[in-house]
Amino acid sequence: MIEHHVSSRPRAHAGTTVISGPAARLRPGRDVRLWRRHRPGGHADRRAVRTAVLLVTLLTTGAYLPSPLYPDYQRLFGYDDLVMTLLFATFALVSCPALLLFGPAADLVGSRPMLRLSVLLGAAGSCCFLVADGPAWLFAGRVCQALALGAVTGAAQAVITRYQYPSGRFAGPILATLAFAVGTAAGPAASGVLAQYAPGPLVTPYLLHLVLLGWTYVQLNRTVPEAGAAVGARRWRPVRPHIPPGIRTIFFVAGLNGFLAWAVVGLYLALVPALLERALNSDDPALAGGVLAAVLVWSLPAQIVGARRAPRTTQLLGVGGLTASLLLLAATEAASLHATLASALLAGVGHGLAFSGAVRAVDAGIPAGHHAGTGAALYLLFYLGSGTPAIAVGLMTTWMPLTAAVAALSWAGVALGALALLATLPRPQRKVAEDAGAMDAAGQSWRRESIGAEPGW
């Protein structure tokens, strides 16, 4: 009678994946498609990843739709250069606390509710621009767009990390950085073309964005599974930026390079439309959007190619390109279209290499259980970099012309680029070995202490 108490379920050998739930009842021989859909990394998981990446791209696109349209808003509402640059600064100033506030919320309530909230906030931002009859509506729209990106960043990263393709270690970081870059390029390009060639230049881009957000909301409910709170997530609290001692040198170098990369992009996004209008006497939003998109269009292949090289080499090449771009922009003050386009190309390639290299360098060294705090600190630098040029130039234009302010800020960026190059260069082998030993010892200590720590993003 003892045999009746023995379980008939076969035991899994070491290294064997045990499939539970609906997939456990499927027979791969007959139900191959269903089995592939429910297995880890299967079709359903890939659909969730694609939806998360698409949502990040769309919300980033919405955040940069107004970029080539600000000269039109300025003529329509009659505000000065300071207000225009503060509109860009608002996005960065709201994005930073939003990233810290919304980041851990996905662990508490699940990723899908936070993704839904990000869609609603992004739609609210587009609606503010649709009904805008003064600068106040523009500021409200920027706040909603910043909150949307803050809400989607942590939740989408959690989905990508949970369901990322098992074929590559860097699938998650590359997908996330590419999604942000694609959205940043698509926003100004789409709004510039639509404003120039479609009816309703200040209406059509946002209507199209609302339609795409509605479609993505439906896909979100279909493809991203409902997940409960993460294990150990008892209460909501903001993410505290934290840099583990063992990777502080790597972090500060990567943070400096990433800050410079997004500062150069922020300089172009905030000021190139106005510079082109004044230097070239052109109010063509398609031209402004094309120049802005060129920065990020060249960033995409640079990120993909840079992933095949060591992070330090990638960052060195990227910072070199960024410094050359700023040098060309400072020398010409955007008075030449050809020089501005060449500068944008260099900025795009430099951004892709420096940004992806910085993210990969930090990601490779973060100890287990410290991804949330370290990631928050790194992305804070990125967001601050994107908003700092707008704030600086906005203040400088109160006592000097816009072109002179851009030239002065570009020369300051050249100096910062030279400092970043020196910081990124390899150090003596003895110092590197000491840092590596400290990182290894710290990592072992953190692994012992991080049992039950909240998951990172």
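A Cβ is built for glycine as well, from the same backbone N, Cα and C atoms used for every other residue.
According to TrEMBL:
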TRANSMEM  48-70  transmembrane segment
TRANSMEM  82-102  transmembrane segment
TRANSMEM  114-132  transmembrane segment
TRANSMEM  138-160  transmembrane segment
TRANSMEM  172-197  transmembrane segment
TRANSMEM  203-220  transmembrane segment
TRANSMEM  250-274  transmembrane segment
TRANSMEM  286-304  transmembrane segment
TRANSMEM  316-335  transmembrane segment
TRANSMEM  341-362  transmembrane segment
TRANSMEM  374-396  transmembrane segment
TRANSMEM  402-423  transmembrane segment
Contact between the transmembrane segment (286-304) and the transmembrane segment (114-132) (at least 3 Cβ pairs under 8 Å, separation 6+): no
Long-range Cβ neighbours of the transmembrane segment (172-197) (under 8 Å; 6 or more residues past either end): 49, 53-54, 56-69, 72, 156-157, 160-161, 164, 204-205, 208, 265, 269, 284-290, 292-293, 295-297, 299-300, 303-304, 307, 351-352, 355-356, 359-360, 363
Beyond the flanks of the transmembrane segment (114-132) by at least 6 residues, Cβ under 8 Å: 52, 55, 58-59, 62-63, 65-66, 73, 102, 105-106, 138, 140-145, 147-149, 151-152, 154-156, 159, 202-203, 206-207, 209-210, 213-214, 216-217, 220, 224
Top Cβ-contact partner of the transmembrane segment (48-70) among 82-102, 203-220, 250-274, 374-396 (pairs under 8 Å): 203-220
Same-chain residues near the transmembrane segment (250-274), Cβ under 8 Å, at least 6 residues beyond its ends: 64, 67-68, 70-71, 74, 81, 84-85, 88, 92, 184, 188, 243, 285, 288, 291-292, 295-296, 311, 315, 318-319, 322, 325-326, 329, 334, 340, 344, 347, 350-351, 354-355, 357-359, 361-362, 365, 374, 377-378, 381-390, 393, 402, 406, 409-410, 413, 416-417, 419-420, 423-424
